[in-house]
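Peer 1: As listed in TrEMBL for this protein:
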type	residues	note
COMPBIAS	1-19	compositional bias 'Polar residues'
REGION	1-22	region 'Disordered'
DOMAIN	19-82	domain 'ThiC-associated'
BINDING	Asn149, Met178, Tyr207, His243, Ser263, Arg264, Gly265, Asp304, Gly305, Leu306, Arg307, Glu343, Tyr370	substrate binding site
BINDING	His347, His411	Zn(2+) binding site
BINDING	Cys491, Cys494, Cys499	[4Fe-4S] cluster binding site
Amino acid sequence: MTTLENGKNVAPTVTTGPITGSRKVYHHTENGLRVPVRRIDLSNGGHFDVYDTSGPYTDPDVTIDVHNGLFRTRSGWLDGREHNTQLGFAKAGVVTREMEFVAARERVSAEFVRAEVAAGRAVIPVNRKHPESEPMIIGKNFLVKVNANMGNSAVWSSVEEEVDKMVWATRWGADTIMDLSTGKRIHETREWILRNSPVPVGTVPIYQALEKVDGDPAKLSWEVYRDTVIEQCEQGVDYMTVHAGVLLRYVPLTANRVTGIVSRGGSIMAAWCLAHHRESFLYTHFEELCEILRAYDVTFSLGDGLRPGSIADANDRAQFAELETLGELTHIARAHDVQVMIEGPGHVPMHKIKENVELEERLCGEAPFYTLGPLTTDIAPAYDHITSAIGAAQIGWYGTAMLCYVTPKEHLGLPDRDDVKAGVIAYKIAAHAADLAKGHPYAQEWDDELSKARFEFRWTDQFNLSLDPDTARAYHDETLPAEPAKTAHFCSMCGPKFCSMRITQDVRKYAEEHGLSTLDAIEAGMQEKSAEFTESGKQVYLPVVQP
Ligand SMILES: C[C@H]1O[C@@H](n2cnc3c(N)ncnc32)[C@H](O)[C@@H]1O
Ligand SMILES: Cc1ncc(COP(=O)(O)O)c(N)n1
Ligand code: SF4
Ligand SMILES: [Zn+2]
């Protein structure tokens, strides 16, 4: 690994050790692959296993050394596999080890995984040069995934912080991360992230290409771009955002928008097209690009350079014209055996969300949709993880395969690690809510486990089964920190006398003690009350006793 440029060579400090209340367990597949799960041990002697994105960092048996990077688990899987892709294998009827691995993670058959990849309805982003990552799948017939963006900017830059954010995001459940660095030491930052990332890493190569030409879009060229893409493929980037749908003739369609072009990549390409009055080199050289990505099995994330950046601009002609072009490019990429997903908006009010999914599926042959939110209103800067998680839950329900998080700092500044966690948790909620609504066979089991723990006042189990056990416990501790409170039949919300779940349990106990079913108990209780009512002279309103 390269040393850090600041000469001090400060090792990035990252968070290690299990998430509170759980431990890493490995399942072994038929062919001996080790598939991680996070096991939550319960106080009633049971346990519950959940999907685990956190990689070796949460395994106490692994020694983490960020200078050496993670163990290259997949390097042994890659022999003799040059120049073919997961899509190529899937089409040829071959089940790869990556497919077997994700099948175990998703609890489906490997053949189902193969068929979904072959149809282009799912992608497994795995650059052959990123053997540290654990394979995962993105597709609407699998668990909804979450991506976390990070990376430096010209205003704030630190390799250490970005590596820390990557580990932190995956700890809380990010399925992929994107390094969107635009500041100094882009190559080096990405190298540190890649060598230490247990999840696929995405980038937007045009950002680094622009940096190479001193930030002047007019100076960009296919050659500079191509060399940047190859450099990033060689490093191990798993998927790349390519804004090849921003065509010269679409740029005027944004002229009357409230917020113009909000995509960075989109605005850079629009500037290039106008400066040269030529068609985008991403579009004219698209087949060459396919051949480069194919050699590494890098997945396209066809960028939405004309996505709406405000409620007013949602679903306009510019946005949907670009989507049509992305559909055309999807079919070209697939013919080259290159995996494809499609990036989506942005800012969209709730009533305009569904149309986005329907159009995307129709135009892009059901390629996995990967959307930024969408934000369902513009009026809450500082809370855009919420405005967007609302849209994300909906769009996920309609069939979006991966949700790109938005943090509380959106529109305001570069997110720090706290923002990263807030964004990831908000999006884990949205993704899981979508899984539930889609009727995913295992999604509800998690809810049911937590609900049971809650009803039985197994407070510790309730904390540990939650997406954020530390915060759940800390909130309970704020008012009732003592150990006996962790089994008490109430919390400080209602107190002991008004705890409805405690009262329900009493009703059930009453029924049991009197040999009645709960319904009978209610009936019996009602008769008792009715007798009291008759005795009191059948008055509906009792006289108020003056103090
Ligand atoms: C496309 C989305 O990418 C996010 N984005 C862009 N750059 C960064 C960064 N360095 N860190 C985190 N998020 C970023 C913004 O939230 C934008 O909305
Ligand atoms: C879902 C999604 N959409 C877009 C981008 C790229 O950002 P930009 O288009 O601003 O360059 C991204 N990283 N993720
Ligand atoms: S987030 Fe900030 S830098 Fe990015 S487009 Fe908006 S105002 Fe510009
Ligand atoms: Zn925005």
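Every residue gets a Cβ built from N, Cα and C, even glycine.
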Peer 1: According to DSSP, does Gly265 (substrate binding site) fall in a helix, a strand, or coil?
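Peer 2: The residue in question, Gly265 (substrate binding site), is helix (DSSP, three-state).
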Peer 1: Among all the protein chains here, how many other CB atoms are within 10 A of the CB of Asn149 (substrate binding site)?
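Peer 2: That number is 23.
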Peer 1: Quick one: which residues besides Cys491, Cys494, Cys499 have a Cβ within 8 Å of the [4Fe-4S] cluster site's Cβ centroid, in sequence order?
Peer 2: Phe490, Ser492, Met493, Gly495, Pro496, Phe498, Ser500, Met501, Arg502
Peer 1: Between the two most separated Cα atoms in Asn149, Met178, Tyr207, His243, Ser263, Arg264, Gly265, Asp304, Gly305, Leu306, Arg307, Glu343, Tyr370, the residues recorded as binding substrate, what distance in Å do you get?
Peer 2: 20
Peer 1: So if I measure Cβ to Cβ from His411 (Zn(2+) binding site) and keep only same-chain residues at least 6 apart in sequence, which ones fall under 8 Å?
Peer 2: Pro381, Asp384
Peer 1: Quiz question: given the binding-site residues Gly265, Gly305, which has the greatest number of C-beta atoms lying within 10 angstroms of its own C-beta?
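Peer 2: Checking each of Gly265, Gly305, the winner is Gly305.
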Peer 1: Got a sec? Which of Tyr207, Ser263, Arg307, His411, Cys491, the binding-site residues, have CB under 6 Å of any ligand 2 atom?
Peer 2: Ser263
Peer 1: Which of these binding-site residues (Asn149, Gly265, Arg307, Tyr370, His411, Cys491) have a C-beta closer than 6 Å to some atom of ligand 1?
Peer 2: Asn149
Peer 1: Over all shown protein chains, what is the count of other CB atoms within 10 A of the CB belonging to Cys499 ([4Fe-4S] cluster binding site)?
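Peer 2: I get 18 for this one.
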Peer 1: So among His347, Cys494, Cys499, all listed as binding-site residues, which is physically nearest to Ser263 (substrate binding site)? Use the C-alpha atoms.
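Peer 2: Going through His347, Cys494, Cys499 one by one, the closest to Ser263 (substrate binding site) is His347.
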Peer 1: Checking the contact step here: among the binding-site residues Asn149, Tyr207, Gly305, Arg307, Cys494, Cys499, which have a Cα within 10 Å of the Cα of His347 (Zn(2+) binding site)?
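Peer 2: Near His347 (Zn(2+) binding site), where near means Cα within 10 Å, the binding-site residues are Arg307.
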Peer 1: By the DSSP assignment reduced to helix, strand and coil, which category contains Arg307 (substrate binding site)?
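Peer 2: Coil, per DSSP.
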Peer 1: Only counting partners 6 or more residues apart, tell me which same-chain residues put their Cβ under 8 Å from the Cβ of Cys494 ([4Fe-4S] cluster binding site).
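Peer 2: Counting only residues 6 or more apart in sequence, the Cβ neighbours of Cys494 ([4Fe-4S] cluster binding site) under 8 Å are Ser500.
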Peer 1: Here are the binding-site residues: Tyr207, Tyr370. Which has the lowest count of other Cβ atoms within 10 Å?
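Peer 2: Relative to the other binding-site residues in Tyr207, Tyr370, Tyr207 has the fewest Cβ atoms within 10 Å.
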Peer 1: Within 10 Å of the Cβ of Arg307 (substrate binding site), how many other Cβ atoms can you find? Include all protein chains, please.
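Peer 2: If we count other Cβ atoms within 10 Å of Arg307 (substrate binding site), we arrive at 27.
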